[in-house]
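What TrEMBL annotates here:
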type	residues	note
TRANSMEM	B:6-22	transmembrane segment
TRANSMEM	B:29-50	transmembrane segment
TRANSMEM	B:56-76	transmembrane segment
TRANSMEM	B:83-102	transmembrane segment
TRANSMEM	B:108-129	transmembrane segment
TRANSMEM	B:150-169	transmembrane segment
TRANSMEM	B:199-217	transmembrane segment
TRANSMEM	B:229-250	transmembrane segment
TRANSMEM	B:270-289	transmembrane segment
């Protein structure tokens, strides 16, 4: 993959965030190129979700720079980052329960700049419902959806803004094997559309199938980076940080 | 505009014209009652405009009502009436914007407590100013405004607040507030400037409340801080909006009308135990009607399957 500055969608340098005495993210740096899928791996508590929260503006970093399409977004409010083309899903799925599916997706595109004309928005919502497999459910309240459908809806909302960068926080967790196959295909199709993706994931078969490159975190630090196959076969990484999970995948 | 919307508009206009004739009935008691009904209708609707979608429970109604009433007490005799109303509205908006910017980052119970404290803070500031600077505590309101004038102004404000609420519900701002009410974190990630949206609606809602206070002020001939900043108003408005259902524009009025009549009855019959009864009513409402009368109507109007809860922007 090209490391040309022009094709870098996300560049993180020297990122640090501490909670009291605990340094959750420590001197983290990596870059993600246009159209690439980057896996963010590591044991629980290693700082993966904190890193996503820093990038998406939920948390402020203590130090470091985060560049989205070359623009430094460290310290910007979440809504500004969202308008610059970053969308995300959450570790614990978050949909708007009091609204129907159509409104949930509409929320994802209604507040983007420049504004999406109403007619185009409707077309886009229909296409997204279809794409994530929720066609025909547009007037169904989100609260009535099953777990997998809630995940689908959350992804559709994130995609509604036509993001340049998509952060997926364990989006494939909790799916059964056939749902997993569908989910992997769905994410792969996003890559084909040119969306750059950073995903935090524990499902190793999905990481192997999807990620071009991976970084592995432990105690807030990056301990490995490289092509997925290389990182996952790194004996030290497997033994110390993936607890042998990679071996069965 | 759909036929249904047009029908509603015509119906509302007809109701407005009919209601405009209430002062012509010539019965002072009914006029006074009608003024109370309109006062609480506007206050509860304005409260619901902000607190309904965002689910931020505000106890600051009295603070804004009092700012309006006191503006009239101070300026009512000096300036022409429309100008007094304009200044009251501007003051209310400024206070609301300052309060909004400094408190809407608070969530849940902290916001409730702060707004309650705000009323007391403003009251004490007014007392301090009156005692130390203007050296009067309590003012007489001598303005040339009749009861019928008060009624018509409130009726106009009622129409305006419903129109405003209807427009906001259809706007991007209204949709943004519903998303915020559902999940504020998601809202920010959808590109919503949540602080701006909340402060904007809080300010609009507070400006309306301030105007109610200003319009109502001539009803008392004598105003002092404990009258203008009576925190009971905050609680009554909250109860009314919750009983009616704050998630709909037309919800709060369903609570305001019956409860104003009930308060009228109770305060006349049981002047000493009135507040205890009020507390019990509040508990009952929360337990029996968590989504208010509006929620009850919706429940009854859905099919037994219960899946047809189509939500129109409220």
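Yeah, the Cβs are placed from backbone N, Cα and C, and that goes for glycine too.
Unlike curated records, TrEMBL annotations are generated automatically.
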Item checked: Per Cβ pairs under 8 Å, the stretch of B:6-22, B:56-76, B:270-289 packing most closely against the transmembrane segment (B:229-250) -> B:56-76
Check: Between the stretches B:6-22, B:29-50, B:83-102, B:270-289, which wins on the count of C-beta pairs under 8 angstroms to the transmembrane segment (B:56-76)?
Finding: B:83-102
Notebook entry, point to check: By Cβ distance under 8 Å, which residues at least 6 away from the ends of the transmembrane segment (B:83-102) in the same chain are close to it?
Noted result: 60, 63-64, 67-68, 71-72, 75-76, 115, 118, 122, 195, 198-199, 202-203, 205-207, 209-211, 213-215
